[in-house]
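Worksheet: the structure to be examined is printed underneath.
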Amino acid sequence: GPLGSALSTRFGARPVAMAGGLLSGLGLFLGAFATHLSHLYLSVGLLAGLGWALVFTPSLGTVGRYFPARRALATGLAVSGASVSGLALGPLVPWLLDTYGWRGALLLLAAITFNLVAASALLRPLPTPAESLGPPRERPGLARLLHHGPFLRYTLAFILVDAGYYVPFVHGAARAHEVGCDEGRAGLVMAAMAAVDGGGRVAAGWLAARPASPLLRHLFAWGVLTGLVLLLLPLGTSFGGLLTLALAYGFCAGAIVPLQFAGVAEVVGAGQLVHAIGLMQMFESFGSLLGAPFAGWLRDMTGNYTISFLTAGAFLLAGSLLILTLPGFFHTSRGASSKEGNPETPPRLPQDALEPPM
């Protein structure tokens with residue numbers, strides 16, 4: 001994440017994202033010729049993972065700067081693509097494995113992934129933000145963000161959120177089996193949760209574009225709702241009850257995603273958006289990596305998923321409460337915050353910068 005943001009600041013989002021698309025496709029392609037597990041770590045793990053990071057961070061930061069007035073809606077539409085691809089790949093990958101084997105499946109997935117190069121070429125370069133036109137020593141960057149109090153609290157909030165956020169997605173099928181669902185019904189629970197996730201992303205972005213209240217209040221409300229639904233998941237002791245709660249969780253959890261990234265601009269300003277997204281992703285990955293294994297350990301210790309889901313919900317609520325400490329929460333300014341919370345107006349783009357690329 002930080003590498004992608006630093007490179008895109010230096011060379012622009014378009015070439016960095018195109019390079020990332022090339023690396024991610026190449027990683028999957030080389031993985032098809034692996035003869036040892038370590039080869040997959042290096043190809044699919046390291047090379048493809050690096051490539052995806054170089055695509056995701058610059059692209060999302062650029063979308064956030066394309067539409068300063070409707071940043072949440074634009075981000076919601078952009079990240080909803082992950083839900084669409086997830087639904088498509090769910091049945092596609094098993095079919096590819098059965099038909100072509102794992103090597104053939106990786107080759108075909110590599111062919112799909114190489115399309116990231118063409119998609120990244122459509123990113124139109126943007127003017128340099130006014131707040132980064134000063135002397136080099138005054139330009140905002142990763143070092144400055146590490147001393148930015150509101151940004152550090154925002155990042156800590158999402159470390160906690162991510163510690164609980166992925167638990168239902170990782171352990172949902174096992175929970176369905178625990179309450180007596182067969183393989184088909186367990187798969188339906190997971191598919192339903194993934195399907196409404198995309199709808200939640202678009203709906204939250206659309207609602208946040210309304211000027212009734214600051215974006216951070218929307219983010220706080222969706223975070224609390226997601227945590228509460230997660231606390232209720234142990235009550236789903238039948239297929240119907242679990243499916244209902246899974247639908248509610250998927251929608252609320254999806255709503256958090258676009259507001260999280262759009263909220264970065266509210267905290268640090270649009271000029272630091274790409275840097276901040278990259279750094280935040282690096283730190284919050286600790287929460288997402290630890291949360292699901294910790295929930296699994298609790299399941300092993302207690303014999304069921306009740307404590308696992310209750311703990312995950314507590315993490316989500318704790319992270320949401322930290323959003324209350326951000327300086328932009330209790331006022332209605334749509335601007336961003338300075339280092340200690342003074343509002344700044346995000347740089348506006350010329351009208352022609354928002355025209356479709358030629």
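Cβ atoms are placed via backbone N, Cα and C, with glycine included.
Where the annotation comes from TrEMBL, it is an automatic prediction and has not been curated.
Copied over from TrEMBL:
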| type | residues | note |
| --- | --- | --- |
| DOMAIN | 1-331 | domain 'Major facilitator superfamily (MFS) profile' |
| TRANSMEM | 12-34 | transmembrane segment |
| TRANSMEM | 40-60 | transmembrane segment |
| TRANSMEM | 72-93 | transmembrane segment |
| TRANSMEM | 105-124 | transmembrane segment |
| TRANSMEM | 145-167 | transmembrane segment |
| TRANSMEM | 187-207 | transmembrane segment |
| TRANSMEM | 219-236 | transmembrane segment |
| TRANSMEM | 242-261 | transmembrane segment |
| TRANSMEM | 273-295 | transmembrane segment |
| TRANSMEM | 307-330 | transmembrane segment |
| REGION | 335-358 | region 'Disordered' |
Counting only pairs at least 6 apart in sequence, do the transmembrane segment (187-207) and the transmembrane segment (72-93) share 3+ Cβ pairs under 8 Å? yes
Could you tell me the mean pLDDT over the domain 'Major facilitator superfamily (MFS) profile' (1-331), as a whole number? 86
